[in-house]
Amino acid sequence: MEMENSAVTQDGIATVLSNGSVDSSSVRPQIVVQVVDLKAVGNRYTFSANDGKTKIKAMLPASLTSDIISGKIQSLGLIRLLDYTVNDIPGKSEEKYMLITKCEAVASALDSEIKSDFKASTGIVLKPKQEFLAKSASQIINEQRGNAAPAARMAMTRRVHPLVSLNPYQGSWTIKVRVTNKGVMRTYNNARGEGCVFNVELTDEEGTQIQATMFNAAAKKFYDRFEQGKVYYISRGSLKLANKQFKTVQNDYEMTLNENSEVEEASNEEMFTPEIKFNFVPIDELGTYVNQKDLIDVIGVVQSVSPTMSIRRKNDNEMIPKRDITLADETKKTVVVSLWNDLATGIGQELLDMADNHPVIAIKSLKVGDFQGVSLSTISRSSVVINPDSPEATKLKSWYDSEGKETSMSTIGSGMSSSANNGSRSMYSDRVSLSHINSNPSLGEEKPVFFSTRAYISFIKPDQTMWYRACKTCNKKVTEAMDSGYWCEGCQKKDQECSLRYIMAVKVSDSMGETWFSAFNDEAEKIIGCTADELNILKSEEGEVNEFQTKLKEATWSSHLFRISVSQQEYNGEKRQRTTVRGVSPIDFAAETRLLLQDISKNKTSQ
């Protein structure tokens, strides 16, 4: 037995390639191979699987990274492949690669690469695993199947694909996933009619996530079937490129399930807990995400934990528990994370009990807000891991123990205005002139970029649409109801009154050039000096020179500090640069003078 454990399976790769293992319905023989040329590619590892005669390219799942780091799986070592798929290399149909979903280490590194030419001299016995090659695929399936439940049969007869391997051009596939977030059923009414829709977030064993959407008949069919936390086999769905505007998970694709899709609960099957994949943002870089749609992941050392508080929710007056924790990382910055609901009472209490030991915690899916400059909040699908077993956590803990606890930290929000989505910095950082924006037409192509600038309002077009009718509860646009009052799609209710909110364009100038800024309600109020409702009343007055004109004239040629974002928008198939005001401040002349003096001394030094 010892001998067999340290031997590769003779002709194992050739057997896999020839016995139709590529076909989704066959059972894969478990073969022992040698790992050759193991190397990291992104967050995964690739290698060549070698059986002495044949080599094939192979990829290991992210879930086995810890085995590679710990040395369990080594280059030149032997592993047994327990579950895998064989796929074509795109563009090279004659070449194949193995995507390994499960394997186990058999032996540590040998002295050299196994080659059949000198197998006698290495003393390695190449012996096939008879029990796998002797039986036909159908025999094995029938034995394993027995009286399995439908979901188990689905697992036996179809190869389960990891989510990372799916793409829109693939034929049939089956995935085994856990529902990690279930959305509410929403109704919609657009040009194509009305209907209903809901989403689920699905996570496989490797931690890869995808969002699946169901419309109308499919939504009604599957809404009750999907339960949060349960594991399902799913097949016969379709994939398309994810709409960046609405995507909630890190995946280039999104899935649509229709009426004919198959969804079966894996109730009698071995359950799994998805490996959580993180994409950490350092604390000092959180600013650029303030009030953006992107959710972020963070890792930090716990500095302090507050007692639990009860907060009254605005929209329904319900009292919900909240707990604040302060995290620090190697950027020597701290940030406050608000844990809500069960996370506040459950894991939050655990953290309070162990706060003196300063544990490292990793949190997935946080919203970045602007309270006190920058703050983080959990949402329904956030997850917290205490002292994660990861290289990042080990590095952070050793930094904290050796120097971090003695270092003086500053809060990430210090020196930032908390009044608006201002790209997180103070008005005195990233300072540019307007010519910098005008002379760089590609600014903001990837994602919005943030700057500060000092400029004058040079023109406000009086006949533009300056405001919209907004719901008094949620500020979304309302439409006039049939009889009277206003209908809000967001709140799904009618109100007798609405409020006006600014959405306007203003021309700004400085000594280097001029451009147009888009300004929304809070920022526009600071520019005009009154609310949209008040300005509307002035506009309705009669006469050539009325208060409305005077108000706009007063706002012109006044100087402000602006925090702005520059992004690209497509309009009639053409990309255009759009500059949006994120914050407006009056000029602090003392700070402004200090900035000018800094510039002068920089220029002197450079000369």
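The backbone N, Cα and C atoms fix where each Cβ goes, glycine too.
According to TrEMBL, the protein carries these features:
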- 8-107: domain 'Replication factor-A protein 1 N-terminal' (DOMAIN)
- 161-265: domain 'Replication protein A 70 kDa DNA-binding subunit B/D first OB fold' (DOMAIN)
- 290-387: domain 'Replication protein A OB' (DOMAIN)
- 450-596: domain 'Replication factor A C-terminal' (DOMAIN)
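For the domain 'Replication factor A C-terminal' (450-596), the DSSP counts in helix, strand and coil order read 33 helix, 69 strand, 45 coil.
Summed and averaged per residue, pLDDT over the domain 'Replication protein A 70 kDa DNA-binding subunit B/D first OB fold' (161-265) gives 88. Residue counts for the domain 'Replication protein A 70 kDa DNA-binding subunit B/D first OB fold' (161-265) under DSSP, helix first, then strand, then coil, are 11 helix, 50 strand, 44 coil.
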